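**Student:** Have a look at the structure that comes next, please.
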Amino acid sequence: MSSQPSKDLETFENPQPGRDYTIRIRVPEFTCLCPKTGQPDFATLFLDYVPRARCVELKSLKLYVWAFRDQGAFHEKVTNEILNDLVAATDPNFMRLTAEFNVRGGVYTTVVAEHRHPDWQPPVPVTLP
């Protein structure tokens, strides 16, 4: 595997395909460019997903995220693009991507995008006493 930025996402087989479980990934150093000003925008990405057959490989995710450093994109567009690419690579039961962008001009932006597989029924939440 290269150490250059790349839009190629690698995956591996889910080691527990018969169980619903959540994978949580935090990416604190996401950067893209504002398409209006060309200035860098910084964000922390929070990825939560319930895998089906495939899981995303973490080094390829890091290189994928790096590939946005010189790309101009609005926050809403880039968040949904990343979610779409991750869904295409892994076909999860459920995936949520939260992008918390750093302040720009006194405004904080958080974009939350979700995907739910049409055949998946989430488990009933457990309420502890």
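Using N, Cα and C of the backbone, Cβ positions are placed for all residues, glycine too.
If you look up Swiss-Prot, you'll see CYS34 marked as active site, thioimide intermediate. Feature annotation from Swiss-Prot assigns active site, proton donor to ASP41. Per Swiss-Prot, the feature substrate binding site maps to VAL56, GLU57, LEU58, HIS75, GLU76; the stated evidence is sequence analysis.
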**Student:** Which residues in the same chain, at least 6 apart in sequence, have a Cβ under 8 Å from the Cβ of the residue listed as 'active site, proton donor'?
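**Tutor:** The list for the residue listed as 'active site, proton donor' reads THR31, CYS32, LEU33, CYS34, HIS75, PHE101, ASN102, ARG104, given in order along the sequence.
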**Student:** Over all pairs within VAL56, GLU57, LEU58, HIS75, GLU76, the annotated substrate binders, what is the largest Cα to Cα distance, rounded to whole Å?
**Tutor:** 24
**Student:** Which has the fewest other Cβ atoms within 10 Å: CYS34, VAL56, LEU58, the recorded positions listed?
**Tutor:** LEU58
**Student:** Could you list the residues of the same chain, at least six apart in sequence, whose Cβ is under 8 A from the Cβ of GLU76 (substrate binding site)?
**Tutor:** VAL111
